[in-house]
Structures are given as C-alpha cells and as structure tokens.
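Noted in TrEMBL for the protein shown:
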- GLY10, LEU11, GLU12, GLY13, ALA14, GLY15, LYS16, SER17: ATP binding site (BINDING)
- 8-195: domain 'Thymidylate kinase-like' (DOMAIN)
Amino acid sequence: MNGKFIVVEGLEGAGKSSVISRIVDELKSAGKTVEQTREPGGTPMAEAIRDCVKHDWDEQVAEETELLLMYAARVQLLTNRIHPALKKGYWVVGDRHDLSSQAYQGGGRGVLESTMRSVSEIALKGFKPHLTVYLDVEPAVGLERARGRGELDRIEQSGLAFFERTREKYLALAKSDDSIVTIDAMQPMEKVHSAVSALIKQYVMGK
Ligand code: TMP
C-alpha cells in the first residue's frame, strides 16, 4: 500500500505553517498516519545543508551552488524519509519540495531551463508529489509578514524583483500542471483555511 505526498508551497509569508497544520488535522481525522517534512531539511544532514544555504556568507554564492545544495538536501530527505514513509502507506505532508527550486532558482535566480531539467532528473528520477497546494501571495505582502517574524536570511534578502520573478514562475508552473492547486493567500486566513480543508477532504475521498 502506497501513501500520498502532499506539498505546500509559496513565498515567504504566504502562511504555509498554519495551512500545513490544517492539512495534517484533516488527514488525521480521515484516519491517515501522517509524517511531516520540510525542505531544505528534515534529516540531520539536510538540516545542516539548510543552515549552510541560509547563512549569509562573506563570499559570492553561485546560483549553481545554491541549486545543488537544495537538491542534495532533497535527495537525503527522499532517501531517508519520504520514500520509506510512502512505502509504509503513510501520508507525507511537505513544507516545500521541488517546485521551490523551479520557482526560486529557475525563476528567481534565472538558472537555465536545461540545467534545471538535468539536475532534477538526476536527483528525483521522475518522482513528484501527488498534490501541491500553492499559496499565492504578492511578494511585498509576504515579505512584510516575514519581516515581522525577525531578521531576513540570505535568500530572503534577495530583493523584491527576485521574488516577483519567483512568483511568476510559481504561477506559470501551477497553470501548466493539474496536480498543483493555487489558493489566494491574500484572503482572510479563515477563507484560506476553509478552501484548504475542502480541497483535502475532496482529495482524500477520491483516493
Ligand atoms: P522556509 O522553508 O523557512 O521558507 O525557508 C526555505 C528558504 O529556502 C526559502 O527562502 C525558500 C528557499 N528555497 C529555495 O530557494 N529553493 C528550494 O528548493 C527550497 C526547498 C527552498
């Protein structure tokens, strides 16, 4: 029996954390065993990569370095947690996955499409989430919320234009893939949560 992998995506300040709690609650009340992950991170080595990639280094961080670190962390997480959990029939709820790399490194940083495809193919071998919930927020709104939580890390300091490009990529990818559902995260939180609950209930019923 195979489980399902549901991912929540969005810019900083989109409200991923509370949406993830809502999804986990819905799945648990439907009787599913749930495992939660975050990216980059989720294993000891991947968490070390997370610290490394967020750190404000006193040297230039090349786009390819950032990309490869994200995928190195992802492969560790897939190997040690996601694949084993799915094999046991668990439902895995992920805070970010591959779509983040496509949007941030592919869209925001402008890494070549051909490079993105090659790295993704080597790392994931065609694996993809069953369902992705993309929480759409205007970068200025999201960054303001993120700033309210404290200091911005290296990636968060990338500037508004970077996040505009990242959002554009998210929206374009969501449009071209039926497994990605876009939810307007600028609505009041209760509306976002009820849209998410309805989506998850419907998804679980169909499985
Ligand atoms: P967060 O999950 O706490 O938002 O932090 C993760 C940061 O890393 C966030 O700025 C998005 C960024 N990121 C990428 O740039 N590429 C990726 O592939 C992933 C997973 C995250």
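Keep in mind that glycine also has a Cβ here, set from the backbone N, Cα and C atoms.
Cβ neighbour count for GLY15 (ATP binding site) (all protein chains, 10 Å cutoff from its Cβ): 20. Shown in sequence order, LEU135, VAL137, GLY142, ARG145, ALA146, ALA185 are the same-chain residues outside GLY10, LEU11, GLU12, GLY13, ALA14, GLY15, LYS16, SER17 whose Cβ sits within 8 Å of the Cβ centre of the ATP site.
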